[in-house]
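Feature annotations, courtesy of Swiss-Prot:
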- Lys180: N6-carboxylysine (MOD_RES)
- Lys180, Asp182, Glu183: Mg(2+) binding site (BINDING)
Amino acid sequence: MSERVYATYWMETGGDPARTAEVIAGEQSSGTFVALATETAELKERSGARVERLDILDTADIPSLPGGMASDRYTRAILELSWPVENFGPSLPNLMSTIAGNLFELHQVSGLRLIDLKLPPSFTNAFAGPAFGIAGTRKLAGVAQGPIIGTIIKPSIGLTPEETAQQVRELIAGDIDFIKDDELQADGARCPFEARVKAVMRVVNDAADRRGRKVMVAFNITGDLDEMRRRHDLVLAEGGTCVMVCLNSIGLVGVREIRRHTQLPIHGHRAGWGYLYRCPSLGWDYAPWQQLWRLAGVDHLHVNGLDNKFSEANASVIAAARAVLSPLNHAAPMGAMPVFSSGQTGRQAAETYAAIGCADLIHTAGGGIFGHPAGVPAGVEALRAAWRAAMAGASLEDEATRSPALRSALGFWR
């Protein structure tokens, strides 16, 4: 008998919840809008989606989303569905069509959000997952313990390759561990990819010869498949140790193809995540979403940051990071490294460390480093000092007595 995939949803409906659950199950498996003689009991038993659980929560007077059936009461519930793996086989795109396809558009539904996903070993074992993960990333970055201290090239776009390389030079002078392109910086006319990689890697390789370790730079290779392969190969040939892709831009198939080709860690940027999560009555929670990208082979996954510049609450950020650090299942851990970013400074270090319970993470600060009044190297040292304090259980003020860079940073980290 085929193992099953289980997906859990928050659901709102103006109709009978049990009937709506059956409509969703039918739409996402063997059913259609009319009864068919060919949809036999045996076929439904073998291939149909099952309603595993339906827990009523509460009701509302108005619908969360427009365009559905009119009603004087809208019932909210937790719905769990399951499907046999044989319906779609070991395919991420076809899994996506099943668990997150037409069901969001059904007129019976006035709210639907995918909140959990359980994948059996018969599915997860078909995927290689991250090639490097936490241990491989630490080895390449030369950071055996503690957080990987990182940044984003700023301004995000508009610098030339030479100006970018100069920023990298200043960051390395501050002993940075990790540098990434902004998601907007790919292969524009002012900063062509090849010229940028060569200019930056000259600086990185020269510094590595002197420092004994090489800073990890995540170059944004996002593009068409052939472009991404060529860009990856250039980074590898120049001695680079990481490539970055924008996940929603290239999709699961794009990531899988790069995973098959790559000899470097894949840094996964979640640009566009807001349209999937921001409406609480529609879309995805991060926990099920990130599973698919880890299966596809992503080594680092952005999770936003505490007290960020966006709209996401701290509790959601923490849940996202914990999800990335959790094994997919007992047969396939597929661990990846959470990346904290967005309005980050050293002030978030202690709370981040306490919430996650470990330092297996990349903490990137753009303005929090580049805006330091004493310059970029001092900005790097200030962030590192903040993490020393966090891991030692000391206050920033106490650590600042030993770190002039941190002391001056406290005035502009607001």
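From the backbone N, Cα and C atoms, a Cβ is placed for every residue, glycine too.
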* So what sits near Glu183 (Mg(2+) binding site) in its own chain, CB-to-CB under 8 Å and at least six residues off in sequence? -> Ser156, Asn220, Thr222, Met244, Cys246, His269, Ala271
* Asked: Just checking, which of Lys180, Asp182 (recorded positions) has the fewest C-beta atoms within 10 Å of its C-beta?
  -> Asp182
* Asked: Using an 8 Å cut-off from the Cβ centroid of Lys180, Asp182, Glu183, can you name the remaining same-chain residues around the Mg(2+) site, in sequence order?
  -> Ile152, Ile153, Ser156, Asp181, Leu184, Gln185, Ala218, Asn220, Met244, His269
* Indicate whether Asp182 (Mg(2+) binding site) is helix, strand or coil by DSSP. => coil
